[in-house]
Amino acid sequence: MEPVHVSTSSKVLFKKVRKIVPPLLEKFHKGQHGRVAVIGGSLDYTGAPYFSSMASARLGMSSNHVICEKSAATVIKSYSPNLMVHPLLPSTDSVSNPGSIDARALASPIVSMLSRLHALVIGPGLGRDGVTLKVVTEVMKEARSRSIPFVLDADGLLLVTEDPNLVKGYKDCILTPNVNEFSRLAKALGIEVPSQAQIAAQTDESDKTSKESQACEQLSQALGGVTIIQKGPHDVISNGVTTLISDLKGGLKRSGGQGDTLTGSLGTLLAWRAAYHNKSWDSGEQENPKEAQSKQDVLAELESENKRMSPATTLLLVAWAGSGITRECSRRAFNAKGRSLQASDLTDEVHESFLELIGEPEASRTHL
């Protein structure tokens with residue numbers, strides 16, 4: 001297989017990502033490395049939540065849940081016995097009076113699970129059923145009130161388009177829009193961003209990247225500093241203050257479901273990030289009394305060899321690593337399958353991509 005090309009600056013970032021990866025130690029018990037739930041899965045869309053959950057599992061999550069509509073549960077269960085599937089999402093067909101529902105009451109079975117979860121992925125296969133979306137909105141509000149980090153993709157982003165206040169100012173969530181979703185979000189927030197045609201018209205690649213970065217920064221700022229991964233030929237990652245460009249090469253085949261590898265990977269990385277900040281293991285780093293606020297603060301933490309990182313820095317690293325792993329999965333799968341590549345082929349590449357880009361923390365290597 002053609003070797004992966006990683007720039008020196010990217011290698012530095014991946015080395016920092018390794019700091020938030022929990023080592024494999026005998027003292028850890030089941031679930032201590034994290035529990036992630038994907039909220040999505042409907043009659044027409046059962047593959048997306050499966051691919052997202054499996055990416056999370058293959059990256060190393062201890063426990064993976066799918067919270068879906070009843071019509072999707074048996075199908076998703078049949079895909080893999082490794083996933084815990086909960087048919088708790090109501091839909092128009094499952095309630096007696098869809099026009100008059102108590103969304104908070106319908107959300108309560110899902111809300112009761114939140115105390116056992118470390119991160120959520122909201123949107124894969126969710127669909128646009130009105131009852132379902134109202135219930136998921138209540139779950140998002142409750143997750144935010146408990147500071148549970150979450151990823152929003154696909155129809156989960158539709159909820160933000162309709163009500164940006166759901167995430168505005170929440171620094172523990174990541175949005176992963178594609179080109180069209182990004183444009184809809186920008187329009188909903190009254191932001192004028194350059195069209196893809198305008199960006200493509202730039203003859204200098206650096207000018208194209210600059211315009212994409214500015215657009216991503218603008219959208220993040222309008223949402224109060226929410227982290228955004230703008231998916232494209234290269235991924236643009238921004239929290240409105242600091243922006244990173246993923247320079248890893250991906251595969252040339254585009255197929256539905258590849259973004260689910262991204263969301264699942266992000267779910268695992270968010271759970272690991274929570275464990276890092278909870279000091280679930282001794283990272284060997286020096287305490288850092290200063291919380292990173294500015295771009296200079298974040299860059300200083302990234303350049304530091306042995307200083308604990310702030311949440312703002314680790315959230316950017318989570319987004320960076322999720323993007324990088326997904327692009328490497330795509331590259332590997334495309335090299336192996338070419339035009340026949342399917343979303344499931346990316347799932348098979350998650351572990352090797354992790355080892356190639358990030359690698360096991362030093363404490364794990366002594367036990368492997």
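Placed from the backbone N, Cα and C atoms, the Cβ positions cover glycine too.
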Of Asp93, Asp247, Asp260, Asp282, residue recorded by Swiss-Prot at the (6S)-NADPHX site of Gly125, Asn178, Val179, Asn180, Glu181, Phe182, Ser183, Arg184: Asp260
Binding-site residues compared (Gly257, Gly259) - the one with the fewest other Cβ atoms within 10 Å: Gly257
Reduced DSSP assignment, Gly125 ((6S)-NADPHX binding site): coil
Largest tally of Cβ atoms lying within 10 Å of a Cβ, found at which of the binding-site residues Glu181, Asp235, Asp260: Asp260
Sequence-distant neighbours of Lys231 (ATP binding site) in its chain (C-beta under 8 A, six or more apart): Thr176, Pro177, Asn178, Val179, Gly259, Leu262
Whole-number Å value for how far Ser183 ((6S)-NADPHX binding site) lies from Gly251 (ATP binding site) (Cα to Cα): 24
Pro233 (ATP binding site) and Gly125 ((6S)-NADPHX binding site), Cα-Cα, nearest whole angstrom: 24
Cα-Cα distance, maximum over Gly125, Asn178, Val179, Asn180, Glu181, Phe182, Ser183, Arg184, Asp260, record's (6S)-NADPHX binders, Å: 21
